[in-house]
Each structure stands twice: as structure tokens, then as C-alpha cells.
């Protein structure tokens with residue numbers, strides 16, 4: 001048997017009802033436009049403003065780059081499939097899987113790095129300069145991108161070893177591990193075990209670290225005497241925790257169970273959250289409503 005009998009995949013996507021398909025097309029086009037423009041704006045504004053060259057905004061730039069990678073990997077192909085061919089080549093499918101898994105792992109790790117930054121800023125403010133210096137930030141960013149790259153390399157390599165001879169119809173709107181494993185005519189236990197292990201480390205492990213960090217942060221906030229300081233700190237924490245909880249819960253739901261339990265409609269809806277909705281909301285939640293970012297944006301626009 002050849003390594004694979006499939007040269008291209010047919011992406012099932014969403015509803016074929018003309019009215020609903022048109023609505024979904026414009027909905028995803030809007031999400032992609034917001035995600036791309038919002039995250040690009042964050043990168044430009046922070047990069048061009050020396051006042052924002054701090055650890056918190058350094059990680060926000062990394063998060064914006066991850067969101068651009070994620071949405072640009074998934075949504076353009078999805079939009080093309082809604083108006084033209086729904087097929088994707090074998091190589092294109094594997095490349096999409098690789099880039100998406102890389103961005104997803106980096107996003108999960110970046111949430112932990114951002115939580116650590118907030119922990120040091122609120123709980124150990126006198127040591128912030130030493131604990132979050134440029135070298136430490138660069139090291140944390142390097143770890144984020146490298147670990148996520150290793151994770152996607154391992155999982156994609158294991159998937160490349162599988163023969164696909166049952167069907168070429170992917171019951172999803174992009175190439176993701178669970179629906180692709182259902183198409184293999186070879187045992188997939190090793191793939192499922194590696195995906196499960198990666199999810200335990202990247203999702204459950206990092207979420208535990210974030211939860212512990214925020215327990216310490218909340219305890220520190222409650223000891224503050226300033227009511228204004230408490231409100232400001234709680235506002236920052238609640239926004240971060242909301243996005244983190246939404247993102248982690250959907251990723252854990254998708255990857256921490258056997259591929260055999262994959263459900264078409266339910267899983268596609270869950271995947272929309274972490275591939276399209278979250279990257280669109282991140283600029284609004286983390287940066288665009290921030291006073292410092294708004295001031296930097298006004299300075300940038302006034303100088304044009």
C-alpha cells in the first residue's frame with residue numbers, strides 16, 4: 001500500500017443552503033477582516049510607540065502575530081471554498097494543519113506568559129524590572145514559539161505516516177487532527193495518544209498555571225487599600241480570564257477525547273470559537289480598549 005491513496009481532500013464545510021451559505025460567507029469575511037486589521041493595527045501601534053515597549057505589550061504583539069497566523073491559515077481557504085472549489089491538495093491540507101497547530105500551541109503558551117507577567121507586576125512590583133527584563137521576555141517568547149513548533153512537528157509527522165484510503169471527505173471546515181484521523185485506514189492510537197498528551201501539557205497544564213497565577217493575583221488585589229487600584233486590576237484580570245477560559249475549554253473539548261467521538265456539527269461550532277471568534281476579540285479585549293494604546297494610536301494617526 002502506498003503511504004497515501006488520497007491526493008486531495010474535499011472539505012465539507014458548512015450548510016449548502018444558498019441563503020445560509022451567503023450569510024456564513026459574509027460572517028466569516030467580517031471575522032477575518034476584524035481579526036486581520038485589528039491585530040495588524042496592534043503590531044503597528046505598539047512597534048511604533050516607544051512608550052509601549054514594555055513586557056506586557058511585547059507579549060501582546062506576539063499574541064497578535066499568532067492570531068494573524070491562525071486566521072490567515074484557516075479563513076481564506078474557507079471563504080474560497082464557499083464560492084468555489086471545496087477541495088484542498090494533500091500537501092495543502094498538511095501545511096494548513098501544521099500552521100494551525102503551531103499557532104494554537106503558541107497561543108496557549110502565550111496566555112501563560114501573559115499571566116506570569118501580570119503576576120510579577122501585581123504581586124512582586126519591586127522586582128518587576130529584574131524578573132521581566134528584555135532577556136527574560138525574549139527567552140519566554142523563544143520558548144513559546146519553539147515548544148509549539150516541536151509539538152506541531154511531532155503531530156504532523158505522525159499524521160504524514162498514515163495512509164488515507166477510506167475517504168477524502170473531511171467533515172470539518174479545515175484540516176484538523178480529529179477529523180483527519182477518522183479517514184485513516186491504519187491504526188491511529190499513537191496519534192491520539194500524542195494529541196492527548198500535547199493537550200494535557202499545553203491546555204490543561206497551562207490553564208493550571210494561569211489559574212494558580214490568578215489566585216495569587218486576586219489575593220494580592222484584595223489586600224490593596226486603593227479602591228481605584230482594585231477596580232483597575234480586577235478589570236484587567238477578568239478580561240484575560242474570560243478569553244482564556246473560552247479558548248482553553250474549546251481546545252480541551254476538541255483534543256482531549258478519542259477521534260471516534262467526533263461530532264460534525266457540534267465540533268465545527270466549537271472550532272469556530274478558537275479559530276475565528278477569539279482572534280477577532282483579542283485586539284478589542286486586550287489592547288484597543290486600553291488607554292495607553294488609544295493614546296499611541298491617536299499619536300500615530302496625527303503624525304500621518
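Glycine residues also receive a Cβ, built from the backbone N, Cα and C atoms like all the rest.
According to TrEMBL, the feature domain 'G-protein coupled receptors family 1 profile' maps to 38-286.
Distant neighbours of the transmembrane segment (25-45): 52, 60-61, 64-65, 67-68, 71-72, 75-76, 78-79, 82-83, 276-277, 279-280, 282-284, 287-288, 293, 296-297, 300; these residues of the same chain sit at least 6 beyond its ends, with a Cβ under 8 Å from one of its Cβ atoms. What TrEMBL records for 25-45 (among others) is transmembrane segment.
Here TrEMBL flags 57-75 (among others) as transmembrane segment. Cβ atoms under 8 Å from those of the transmembrane segment (57-75) belong to residues 28, 31-32, 35-36, 39-40, 42-43, 46-47, 96, 99-100, 102-104, 106-107, 110, 113-114, 117, 137, 140-141, 144, 173-174, 275-276, 278-280, 282-283, 286-287, 293 of the same chain, restricted to positions at least 6 beyond its ends.
What TrEMBL lists as transmembrane segment is 95-116 (among others).
The transmembrane segment annotation in TrEMBL covers 128-150 (among others). Distant neighbours of the transmembrane segment (128-150): 55, 58-59, 62, 101-106, 108-110, 113, 116-117, 120-121, 202; these residues of the same chain sit at least 6 beyond its ends, with a Cβ under 8 Å from one of its Cβ atoms.
What TrEMBL records for 200-222 (among others) is transmembrane segment.
According to TrEMBL, the transmembrane segment annotation covers 234-256 (among others).
Annotation comment: TrEMBL describes 268-288 (among others) as transmembrane segment.
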